[in-house]
Amino acid sequence: METIGYLIEGFNTVLAFPYIFYIILGVTIGMIVGALPGVGAVSGTAILLPLTYGMDLTGSLIVLCGIYYGTMYGNTITAVMLNIPGTSASVITAIDGYEMNKQGRAGAAIGMATFSSFIGATISLIFLIFLSSIIAQWAVGFGAPEYFSLILLGLLLVSGLTGKHPVKGFLMMGIGLFIGTIGVDLITGEQRYTLDNIYLIDGIELVAVLVGLFGFSEVLNNVINKFNIGDSYSKQVNIKKMFPNIKEWKSSLPTISRSTIVGFLIGVLPGAGATIATVFSYSIEKKVSKNRDNFGKGAIEGVASAESANNSAVNGALIPMLTLGIPGSAVTAVLLGAFIMFGVRPGPQLYENQSDVIWSLFASMYVGNFVLLLLSILTIPLFLYLLVLSKNILQPLVAVLCIIGVYALNNSMFDVWVMLLFGLLGFILKRFEFPLLPLVLGFILMPIAETSLRQSLLMSGYDFMIFIERPTSLVLLIIALLYILATIISNIIKSKKSKMNMDG
């Protein structure tokens, strides 16, 4: 009851001026920033942090957190409408969201993304408020061996997303893992596969790869095939197309519940982030959903899974930062900077010494997510009207948006050339039915996997038994083994059924 009392006091604070204005300002900026390819939550919060100097600590955190979860929704817009995932966390959303768009159901995709984001954020906030200290102690026990086992399990789950061409999927994953090694060796400091090019020392820019493979390749495909997404819509946008129907809600609610829990638990782990959370939740849903065969072809449950896990992971990442002073992601590192800027150090005593700030922040996140829900609903018709633009207008706009977004990352034309190269590569791979997702996720997960593996071996004197001797790591490896066995058995059963049908 004491917790609820503190939360009520927090609501009394944030519903008054100027904090209610800060909430609206933060989520609105976040939506706009998130819709720009390459400008994600990290860039948005870091760039705007100096603008909060004139505020108090509560106001600064409210604005920055508003930008944080506002960008998550903004990323969804471009992922669904244009197949441009502005950050790695929105890659999974683009898989089914863009397919729904091509089927003339962009409104339902954005509507489901909006509501599943809201539900995931709301439930995970309850976890954040009531379970933060307990979960923080569990998360801090995750070391390098546990992270490697987790990533290994993640890569196996990605292998389940390869569709009907598993060999092509594993080949793409291998290419992605290789691309992830380009740059400076994080342990020895030596350059690898850079071809003496200074632009490759820090590795290939992730956003350039994402925008190229998904966004620019789709522009090439649409231009060559003379396909216009707007053809799926009448010139009058139908209000009935803007939201999921009852049947879709019934099938998606269990998905949202499971993905919220998975996203939150993975988000709590420092460094894991929303990307791994969405990969895990999507992979699990593809195995357990009744509509599993439609995943990757426009399954609304796929959108629900990705977005609920994504936004749940956002709140989960706050736990190690608030309770232990350990930032769980790049964005929470910026938020940690805001605390330090005001002379406050997060940690075990934060809830006692700055209770008014913390409970006002939690209350603002509830209010902010509700404001974001309203803004999202109001702007859905606007986004749908954009789809009825002629392809002669829409495709050049998308191409320019891709180029500007990637160039703005580092003010580098090299990044633009990388984007164009991967755009052409993505176009060719799609033509020959090679899945892009394993390549992207292999690229994203490789640095974490390699660093965790090598740190583990250094810790143990190059004894691989460290992965078995650590209980959490052992459990994750057992789950990975069971997953492999289940996949083999499932394939054998399918093969026998197929043979029986042919004989029959």
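Quick reminder: no glycine exception, Cβ is built from N, Cα and C everywhere.
Of the listed segments 138-158, 411-431, TrEMBL assigns transmembrane segment to 138-158. Looking at 170-187, 296-313, 350-367, the stretch flagged in TrEMBL as transmembrane segment turns out to be 170-187. Per TrEMBL, the listed range annotated as transmembrane segment is 436-453 (candidates: 436-453, 454-471). Record note: among 239-260, 261-282, 261-282 is the stretch given as transmembrane segment by TrEMBL. Between the transmembrane segment (322-345) and the transmembrane segment (20-49) there are 3 or more Cβ pairs closer than 8 Å, counting only residues 6 or more apart in sequence, so the two stretches are in contact. When Cβ distances are compared across the two stretches, the transmembrane segment (436-453) makes contact with the transmembrane segment (170-187), since 3 or more pairs at least 6 residues apart fall below 8 angstroms. Ranked by number of Cβ pairs under 8 Å to the transmembrane segment (138-158), the listed stretches 20-49, 106-131, 170-187, 473-493 are led by 473-493. Within the chain, the transmembrane segment (106-131) has long-range Cβ neighbours (under 8 A, six or more residues past its boundaries) at 3, 7, 69, 72-73, 76-77, 80-81, 93, 96-97, 100, 229, 237, 241-245, 248, 252, 256-257, 259-260, 263-264, 267, 300, 303-316, 318-319, 362, 365-366, 369-370, 372-373, 376-377, 380, 383-384, 387. Taking Cβ pairs closer than 8 Å, the transmembrane segment (20-49) reaches residues 14, 55, 59-60, 62-78, 84, 86-87, 207-208, 211, 215, 330-331, 334-335, 337-338, 341, 364, 367-368, 371-372, 375-376, 379, 401-402, 405-406, 408-409 in its own chain, all 6 or more past its ends.
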